[in-house]
């Protein structure tokens, strides 16, 4: 039975954008999610995909990894560097741990393997909407300054002292915010899994280690001897630097 149409409560339909070169799969997803009160756009290639992203508001993205001549992971990477929209990966075969780590590192938030049940797929869409990063919803105006860096939450931009921008995936961005909100507090891997907004049952502790390594490579002069993100052996990680917070350009007291 379909859920109540949000339009009856004066709310717009949530928009799901799907990229899959399988015509039958596109039709199935569009038909099923439409019945359950979603707006669905299904496309076959990255050109159409980017056109929709540029012209419409999208709440969840579903990317098939097996796109023939195109690389689904590259689409995930590109999207995650410029948007916090949740990304669900679908694959024709069950992903190995290493593939999941790579996908998480690039910015995916969930996985589902073909063939999958439509009810499970619907549930994952709804979960993705619930855990969408709050930064986008609240338009957080905070900026964090630390060491030689500034992180602007509203614009999702990490800027060096020289003024150059360093791109962050959604997972890297969320982890960095978690550290900056609690400088020098030890955060466990479980806390970091929650902060990165990925499903715990779909990942392994090592995926957090990979994200940490990526952040160190972007922030640290020598990532092998980190000065900012340090390891608390057996406990997790902590951010070892003073952090200043400003709100819309006004420094917090």
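Heads up, the Cβ atoms here are built off N, Cα and C, so glycines get one too.
What Swiss-Prot annotates here:
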type	residues	note
DNA_BIND	141-241	DNA-binding region
DOMAIN	15-129	domain 'Response regulatory'
MOD_RES	64	4-aspartylphosphate
### Message
At a 10 Å cut-off from the C-beta of the residue listed as '4-aspartylphosphate', count the other C-beta atoms across all protein chains.
### Response
22
### DSSP three-state assignment (helix, strand or coil) for residue 64 (4-aspartylphosphate)
strand
